[in-house]
Each structure stands twice: as C-alpha cells, then as structure tokens.
C-alpha cells in the first residue's frame, strides 16, 4: 500500500512539473507576440484575462485563419485528439510538437497548396492563443492521456531470411470490432509481413494481447543449400515485438538420407499428454515428416529429461511464448547427423531419481504403419530403472507383429522382444534402449497402435538384491497377489514399488499361482507400501469321499517368510448341496468381535456365506474367546485378515481345521464354553444389516457342574416386523428338555435368567419388512453355584422322607412276596373292552394289531394255560416272537431344539370347534391285556368262554 501511494505521489509531481514547464513556455511565447505586434496595454490585460479586446476585430483575416486540415490552435488540436477517441492515427493525423510547445497535426490528405504536407502550423495570433493559465491547466489535465496513446511498431524482416510474420486473431477469437490492426491508414484483422518488407502498424485498443497473436515462421531449406547448424536465435527478438502471444516456428526440410538432431539445453524437456498444459505457458511442439505426411512427435514443457531428438527427412519445431514471458533465447540447437533409419530417436537423461512419462508418435492417434521409434535412456550406474505400460492399443496386422524391443546391458539375448501385453522389464542397471515396432496393417480394418509408458528410476534397496523362493508346487487351487496398498496421490515424486519375477520382469503387482516354484525380488524404497492377498479353494464333489475328512487352514510358510505384510488369506469351502455341512474347529477358542469387547489381536477370521444370492455374514472372530466350534450348513468363505506387522510373531496362534460333517438344516450352530472370568458377548449374524430371511441360528452353551449361567438380553424388544411367517426364539435346557418359546415380533424378550445346566438358544427369523430387521445381542456370565440354609434344610427333609418311603416300599414288597407263594402263577387274560390310551394323547404304536406283534408279551411265562392252542399238528409247542428293551447308546444334548417348521411360521387359521384337533387323531379299537390271579379257583372273568366253539364250516 505504501508503494502504491509513493508511485501516485511521484506521478502527480511529474505532471505538475510538466505543467510548470509548459506555463513558462506559454508565457515566453506570449511576450514574443507582444514585441512583434507592439501592443501591450489593453490587449495584454484582455489576453491575461482570457477575453478578446473590444477593439480587436471579430473576423480573422485570411492570413490568420488556419488552412484546411490544420489545427487552428492548441485548444482545437486537443479537441481533435479527444474527438479521435484518444487513439493515435484514429482521428485525423499524427501528433508532433513544435519548439514553442504548440502541437501540430499531419494532414490526412495531401493538398495542392501544401497544406497536407508535413509542415508546422503557423504561429497563431494573440487573439486566438489562450492565456498561459488556461493553456497550462489544459495541459496538466490532458497530460495523463498522452501516456495512454498506443505504441506504433515497425517490423522489417531482412531480405532472403525466409522469415514471414503473421499477426492474426487469437484462438478463441473475440469479436473483431473491439480491436483492429491499423496499418497504412486501414483497419485490419490480419497482417502478413514477408521477408524484405517493412510495415508500421499499431492497434486500436490498449489490450491487443487479448485479441491477436503473432507467429514468426522461418523456412530452412537444407536440400538446395547448406543448413545453418548451431544455436537457433529468435528473429526478430521478442523484445522488439508487440506484447502478444508469440509462436516461433522453424520448418527445416532435408533429404531422407540426412539426419537432424535437436539438442535442448538445461532445463530439458518433459513430454505432456493431450489436455495437459505447462505451468509457465512455454511449450515446444515437434513434428516430423514421412514423405508429405506430417507426424507429431509430441508436445513438451520445460524441466524434464528429454535432451535430444533425432529425426530424418526434416523437422518442424514450434516454440510458444506467452505475451508476459520475456524469454529471448530459443533454448535449442540443430546439428547434422547421419541417417537414423527410423522415424525418430528420443534421448532421455536421468541425473538422479525421477519419473518420465513418454508417448508414441501421433499419440493419442495411431502410430504410423510399419514404422520404428526408439527411446534411449541414460541412467546413472548406481540407480535402477523399471518400465511400465500405462495405456496401449494394438492394431490388426497382416504382416509382421507389433512388439517392443529392449537392448539391455549385460543381457545375453539382446534385443529382448516383448509383446505389449507382457510384463515389461524392471530393476535394470545402466543405460538401455526401448523401441516400438509397428506392422503392416489390415487395409479394411487397420485398428490403432498407440503406447503411453512410464520409466521410473530410483535407488536400489537391500531387498532388490535378495531373491525369495515361493514354493507353491504342493498347493492346489491357490493364488497369491502382491500389490500396492491404496494410498493418497501426491504431487511430489514418490519412488515406485515393484515386484520382480526372476529379477527382470517387474511390475506394480504380481500374481503367483499354485503348482510351481517362483523366484521373486522387490524394487521398492519402502516395503510397507505393498501387501499380499491370497485365495485358496477347498471343494468336495463326492460326499462319500469327503465325509469326515479334515483340512488345516493355515498360511504356508513360504508366504510368511516374505518381507511384505499379509493382508488377506481367504479359503473358499465348497460342499455338495444337501449332502454335507462344514465344521470349523480352531486351535484356540475364538471370541466374536463386538463393540463391547473388541479383538485386540493382530489378526482375525472373517466367516461369511459363499452361496450365490445369500448375504450371510457370521461375524469376525479372533483367538482368546469361548467359541469352540462353528458349524455351517452350506458353502462359506473364511478369511484370515491381519491388522499389524506383528502377525509374523503371532503366526503360531493361527490355526483352523475344517471338517466335512453330515448335513443338518440349521444355517449355523455355535458351540460355546463360557469363561468363568468374564462375560461372553454374542450376537446374531449380519448384525449391521439384520438376520437374513428364514434363517435359523443356534448357540450350544455349556455350563459346568459347579457354575450357574446368567443369560441376559441387552434390549427388551427386537423391533422386527414380519411380512410373512413368524420369528421365534427357543431356550431349551439340555437335561430336562424344558423349552421356552418367545415370539420375537410380539413378546418382550425374557429378563435375565439363570441356568444350572447346559442349554440351547435358537433364533429363527421370518421374512421381515424392509427396515425392520431382526438382530439380537446377548451375553452369558458364569458364577459359582452356592447353597443356602433353606436349600440344605429342604434337602435333609427330602432325604429323610425319601428314606422312609423306601423303607415302606421294602416292607410292602416283602409282604407281597409272602402272599405270592400261596397263589398260583400269574395269568395274562386278553380283554378287548379296556382302553389303556391316555386321554387326548396320540397312539404310541403307529401299526395296527394285524401289522405288529404288540399283543405278544414276554411276561406270559405259563404257556400251559393255553397249551392246547399252542400245539401244532405234530404236537410240539410254537414259541411266540418276543422283544426286549435295549438302552439308548447315542450322545445326548448334541442336537439343537427343532425350530417351528417354516410352514408353521406363516399365519395359520384357527380350528373350528366342530373339527377334531389334527394333533390328536381319533382312537381306534384298543386291544389291551389285563392280568388276574386265581383265588380258590374262582375268577372275576372266566379264563375261557363257556360257549362251545362254532363249527368253522357253518
């Protein structure tokens, strides 16, 4: 702000000083006029007052009148200047200033009497000259406008220089009526100046840089004469040109057998792609030539690695400078070289670590057909270079094959040939060449060949000289990918991270497959910028072969020995549908990750369904919990995910075994043995999105004999709203089989409950309404079992009562046994009129009398009662078929409570009172047996019917 005030003050002082000088000159001119005419009195007074004398004639003599086309006085001239829009040459003439300080005007049109020639205007009469105060004031007021006058330019290219100057509207061109080129008293929008011509011009506006550009083109013919090799100069100098955007073009034509080399001084050039621009606005456009066809080599900025470009058959170099840039040198030179026998050679020099992006000729358009283009890279010996292709396309070839060739120092197979689709070499020490070879394209469908690639030069790391052997020969259906971590992009140079296969083929990512051995190395300044992801598939196609088989889910040791962090290792476990299920058994019990109890280990297992169309995520689990086993009905994906480099030290804790078990209908079963020291937090799968529709999950929670488990739900209601079906929760004691069934849609969740024995928790979902999903979160806490005084008293009293009852039973048994000695043997008597079925209970035997042997009892040990009926025709007795009770030998408590069937989860219609309940079928004719003992030969019911049997023939 202080600088601006100082500048304004200096400008005002200059204007005042100029006004004072003009005042003194005006006073001296007035005194000379008075001496010459000899009048001092009233005229001087009136002249000093600025009013004409009353005695002075009002009409001017012909001698005192200004000639046509001339300014009559300074005041008229200023008016003419103001009327001409303050533009030089736009009014009626060009300004000059006489010694007396009076301005004169050149006439626009020549006159016969010489009035239009370049002559000074005669001195005005005293009556026409304003007084000194008025002149000085007008000059002071009008002086700033003289500084706004546009500048006139003169351009005269030397004869035979081959330079042509074009001044033309810029692009995009603004409306031409705003500004014109004034040349030879004409308003123009285009001005061309050939060599040997001289043109003087100006502009009708004060910002011509917004309307026009200037182009200086120099044609150099090396075919008819010698070429002016050496440093190229800017002609005419940029300082002598108008302040417009300037483009210098050198068009060099040469024979096909002559090579031309453009050498660029420091800073070298950097190639840019389509749509990119240079920060300082200075660009270099280089074009080659094939016969009469122009081929664009590329567009370049400053501060790069390109030091030389060699071409043959001519070159066209264009240097674009913005109007505000005061550059006065071209920055390159031209040298003569022998034929290069290809389109061009671009040399790129690296003095240290860096990155260069280069493109094929005509990029993004197609590379010329069957042409050869080469890049030469100069690399310091202590650095390493890697090549990666960013974008490329291949054309349809009729003959030959499109390829890239490398000449690598020390290689025994030079040149090394690669396809564009192949991984390109890396970790190369020293200089090397890269060539792009086109082919003969199909005339009907040529396609397009183009290439954009990147060369990264960086310091070698310790890991770049170390070879790692990854043996995957014993693995099946497995792949390992090493790739960069996602990072934020930075404008600063960041050395790349490459993975090299066999120390030569390097790329940003590398995928290794099973069945072979791989030798890899790393070219990276920081290996933490890389990570590994692996995937393996374990499938079973024949359930008879896979039944009860187990597989270990462990990361191979060859992967753990790599110096890169493992991110994910996923196992896809596939089973035949409806034939087998899966059981996951960890080497250490697992903990489910929740917000209340997070996993603090360096890795965890992510268990999710792998059935297409089913989104079932069981959760994240880590070692150090209470889950002993996870059983899953169908295909799943188990992913070991690491969170810290310390996984290498904790790798021994990882260990998971998968077994193929018989198929079961539950979607998931968790076997939990709670820890006596802390709470166990459990939640339903798909916690963030809700349990999937019609999904059933169970938890088998074990309770030690000396502990009591407290089951607590963290909210009163689930909030689920079913669209179809019903959502249930069943809590079942495994010893007593007592069940509690809760409707998760209607009922309030149970309050904390205590369980002295192992129990089941089963949750079965319905088809919920969107936004009203089912999710449950609960915890289990074990506490030691305690005995209070009341329980002890009740136990003592109960024990005494039980003892007395046992004594009574013994006494009764003894008495009955004594009575049995006097009684006959027990006799089984069939009675068809007695119904032994309990009321409202279904039949115990599904078969009828005719279909089973339920009427035969082993307790009928006296066969002589019906002896005459048991004899066959030979007189021998027939032995009836009997059965005995066998105790159950299978496991108990291993099966979860059966949830209501899916059909019962749907709303059902109530039964009418007239219809019998379908759960209790009608009783059929019962056929029981009763037993009686004979008393003195008399019985309440006769043993045999007294009626004689009827004749079968009747």
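Here the Cβ of each residue, glycine as well, is placed from N, Cα and C on the backbone.
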Would you please say which range out of 791-814, 815-838, 839-862 has the annotation transmembrane segment in TrEMBL? 791-814
Looking at 32-74, 161-203, which one is region 'Disordered' according to TrEMBL? 32-74
Average the per-residue pLDDT over the domain 'CDCP1 first CUB' (158-222) and send me the rounded value. 87
If you count every Cβ pair below 8 Å, which range out of 158-222, 343-445, 468-555, 562-642 shares the most with the domain 'CDCP1 third and sixth CUB' (665-779)? 562-642
Check the domain 'CDCP1 second and fifth CUB' (562-642) against each of 158-222, 343-445, 468-555 and return whichever range has the most CB pairs under 8 Å. 468-555
